[in-house]
Amino acid sequence: MASTASVSTSTASSELSSLSNNINNAADISVIVIYFVVVMAVGVWAMLKTNRSTVGGFFLAGRSMTWWPMGASLFASNIGSGHFVGLAGTGAASGIAVTAFESHSFALLLVLGWIFVPIYIKAGVMTMPEYLKKRFGGKRLQIYLSILFLFICVILTISADIFSGAIFIKLALGLNLYLAILILLAITAIFTITGGLASVIYTDTVQAVIMLVGSFILMVFAFVEVGGYESFTEKFMNAIPSVVEGDNLTINSRCYTPQPDSFHIFRDPVTGDIPWPGTAFGMPITALWYWCINQVIVQRCLCGKNLSHVKAACILCGYLKLLPLFFMVMPGMISRILYTDMVACVVPSECVKHCGVDVGCTNYAYPMLVLKLMPMGLRGLMLSVMLASLMSSLTSVFNSASTLFTIDLYTKIRKKASERELLIAGRLFVSVLIVTSILWVPIVEVSQGGQLVHYTEAISSYLGPPIAAVFLVAVFCKRANEQGAFWGLMVGLVMGLIRMIAEFSYGTGSCLAPSSCPKIICGVHYLYFAIILFFVCILVILGVSYLTKPIPDVHLHRLCWALRNSKEERIDLDAEDKEENGADDRTEEDQTEKPRGCLKKTCDLFCGLQRAEFKLTKVEEEALTDTTEKPFWRTVMNVNVILLLAVAAFFYGYFA
């Protein structure tokens with residue numbers, strides 16, 4: 001038995017390693033080198049152009065960004081390499097329904113730009129936990145949410161992107177997995193540590209263009225190869241692997257036959273893999289957390305020149321979010337047509353032979369298209385696309401995570417830290433994240449058998465709804481208080497962890513081997529669980545809040561929707577804490593700073609510490625709370641919202 005397994009594994013290794021020969025040519029390597037040169041050049045330009053020597057400059061780009069790089073960065077930060085692998089893989093397995101996770105985001109982007117960002121800007125905050133501290137007071141909400149956000153970054157974004165990026169690295173370059181990941185993370189960290197948010201956004205913009213151009217070219221090649229859209233819809237329904245029996249297993253035909261509703265977004269509420277009530281009501285809840293509360297996304301909006309630029313960026317990203325169906329999901333489905341025996345394999349021994357994984361090879365759908373369908377030169381372009389999506393997503397996570405650590409956690413440890421110390425701490429924390437990311441790789445490799453999209457969305461459904469509930473109530477119900485918010489989060493955390501730990505312990509199962517997790521815990525689809533969890537948390541928040549003392553309005557001006565336009569002075573709930581730990585006491589180090597040598601000055605220039613000051617400039621302070629718009633541009637934004645909603649309505653009407 002052991003010898004058989006080793007033979008199968010070696011066969012898979014040789015089969016996969018042979019694909020790396022496809023990219024060992026001057027044309028592909030030249031394209032990849034050019035990609036790295038261009039991205040590094042843009043990163044260096046952004047480092048030199050922008051102010052990185054203040055907290056506002058490093059973490060919020062001095063609130064000087066225009067709409068188009070912001071919109072491109074929102075898209076690039078969201079679309080990691082996990083999307084190319086995960087969306088294409090799930091599309092190959094079950095059809096277009098998975099695109100709902102992407103296309104429904106347009107509505108939440110509008111909610112972000114028109115409702116949440118104005119509140120965040122008027123609150124004058126840099127991080128989402130900081131908003132909760134201003135809104136509710138106390139420290140426990142801010143600290144808890146910061147730690148939870150960092151935990152989610154590691155188990156969701158970083159793990160999914162590194163895993164999916166590793167698939168391309170292994171297939172295309174034949175490099176040692178850990179060496180390749182170390183190189184990528186090192187380059188990614190250089191942008192984040194030295195350049196700040198402005199550098200991240202500008203490199204994101206370049207990488208978004210590369211992603212869109214490359215994935216569009218691959219889509220065209222894929223549709224030409226399959227014979228057009230009509231031929232594609234017909235052939236997909238007949239894409240059944242040649243080997244459907246073996247390993248002494250009785251395999252149900254539904255495990256390898258394309259689903260009858262493969263070309264519909266809305267599916268059966270009971271038997272559907274993505275049930276339509278979950279699509280309609282569960283996805284908006286997880287999307288509310290991701291698009292309106294997630295530090296990675298909101299931080300990009302907080303750096304806009306004004307609110308009109310923020311709204312325009314959200315609209316641009318909304319249009320771009322309609323593209324994954326055509327650029328990722330459908331190419332994954334075409335890969336099943338072209339490479340049916342590998343992508344749609346169902347017999348475990350056959351899957352091991354093709355890709356080394358016994359539960360399926362759908363995650364290899366997109367990489368197979370890139371390496372087998374694209375000609376020389378374009379293969380290098382597509383690998384650059386994968387590197388771009390991986391690096392843009394990771395730079396975004398690293399920058400936002402360092403912001404959370406510095407603003408919400410480090411200042412609690414070092415209450416009198418100088419501005420220079422805060423900047424250095426934020427940069428060093430990125431290094432800690434890199435080490436954590438590398439240590440997480442073996443865990444990701446062990447869990448690589450399932451469909452990546454369902455893994456990420458399930459985790460979001462277990463941890464995201466309590467956060468969404470707290471922020472929604474915080475903005476729209478001024479009666480909510482700190483006790484209600486805290487206990488709502490605690491109840492939600494316990495419920496979410498019970499479900500998540502149970503699934504990790506028993507496994508999520510597959511078509512061949514259903515999970516043995518008790519039905520009372522795991523019997524409800526994760527999107528339905530998100531709905532239940534969300535409303536339970538809201539009930540707890542409101543119930544506890546109405547049973548305890550309310551927060552006086554003097555502490556809530558411009559922190560909630562009802563008082564968003566209030567002109568009265570706000571007394572922050574943490575005002576006493578601020579006085580106790582005032583800036584004057586923590587600046588003695590900077591005031592008595594000794595002259596620095598040439599080497600230290602060069603290092604400071606590289607890291608943006610050469611003009612370190614302990615306060616934001618007056619312009620930055622005013623910009624942080626300014627939400628004024630010119631009437632003309634406000635009207636232009638509102639008209640574009642109507643156009644986007646019309647396009648989205650047609651999209652859902654056609655594919656639902």
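Just so you know, glycine gets a Cβ as well, placed from its N, Cα and C.
Swiss-Prot lists Asn248 with the feature N-linked glycosylation site. For 574-593, the entry in Swiss-Prot reads region 'Disordered'. The topological domain 'Cytoplasmic' annotation in Swiss-Prot covers 1-28, 86-105, 192-208, 292-314, 444-455, 548-634. What Swiss-Prot lists as topological domain 'Extracellular' is 48-64, 127-171, 230-270, 335-423, 477-526. Summarising the annotation, Swiss-Prot assigns transmembrane segment to 29-47, 65-85, 106-126, 172-191, 209-229, 271-291, 315-334, 424-443, 456-476, 527-547, 635-655.
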Contact set, same chain, for the transmembrane segment (271-291): CB under 8 Å, 6 or more residues outside the stretch: 94, 97-98, 100-101, 104-105, 107-109, 111-112, 259, 261, 265, 297, 457, 460-461, 464-465, 467-468, 471-472, 525-528, 530-531, 534
Protein Cβ atoms within 10 Å of the residue listed as 'N-linked glycosylation site', excluding its own: 5
Model confidence over the topological domain 'Cytoplasmic' (1-28), averaged pLDDT: 56
DSSP-assigned states of the topological domain 'Cytoplasmic' (86-105) in counts, ordered helix, strand, coil: 18 helix, 0 strand, 2 coil
Positions on the same chain near the transmembrane segment (65-85), where near means CB under 8 A and six or more residues out: 102, 105, 109, 157, 160-161, 163-165, 167-168, 198, 200-202, 204-205, 207-209, 211, 215, 296-297, 300-301, 303-305, 308-317, 320-321, 324, 328, 363, 366-367, 385-386, 388-390, 392-394, 396, 452-453, 456
Segment proximity, the transmembrane segment (315-334) to the transmembrane segment (635-655), 3 or more C-beta pairs under 8 Å: yes
Contacting positions for the topological domain 'Cytoplasmic' (86-105) when only residues 6+ beyond its ends and CB under 8 Å are counted: 78, 160, 164, 236, 258-259, 261-267, 272-274, 279, 283-284, 287, 290-291, 318, 321-322, 324-325, 328-333, 335-336, 343-344, 360, 362-366, 369, 451-454, 456-457, 648, 651-652, 655
Where the residue listed as 'N-linked glycosylation site' falls in three-state DSSP terms: coil
Outside the topological domain 'Extracellular' (127-171), six or more residues from its ends: residues with CB under 8 Å to it: 16, 19-20, 80-82, 84-86, 119-120, 177, 180-181, 184, 293-296, 298-299, 363-364, 367, 370-371, 383, 386-387, 389-390, 393-394, 397, 400-401, 403-405, 407-409, 412, 433, 436-437, 440-441, 443-445, 448, 452, 455-456, 459-460, 463, 467, 470-471, 474, 480-482, 485-486, 489, 493, 551, 555-556, 559-560, 572-574
Tertiary contacts of the topological domain 'Cytoplasmic' (292-314) (same chain, 6+ residues out, Cβ under 8 Å): 59-68, 70-71, 73-74, 77-78, 108-118, 120-121, 126-128, 149, 157, 197-198, 201, 396-397, 399-401, 403-404, 467-468, 471, 623, 626-630, 633-634, 636-637, 640
For the topological domain 'Extracellular' (230-270), distant same-chain residues with Cβ under 8 A (at least six beyond the ends): 94-97, 99-100, 103, 223, 276-277, 279-280, 330, 333-334, 336-337, 340-341, 344-350, 511-512, 652, 655-656
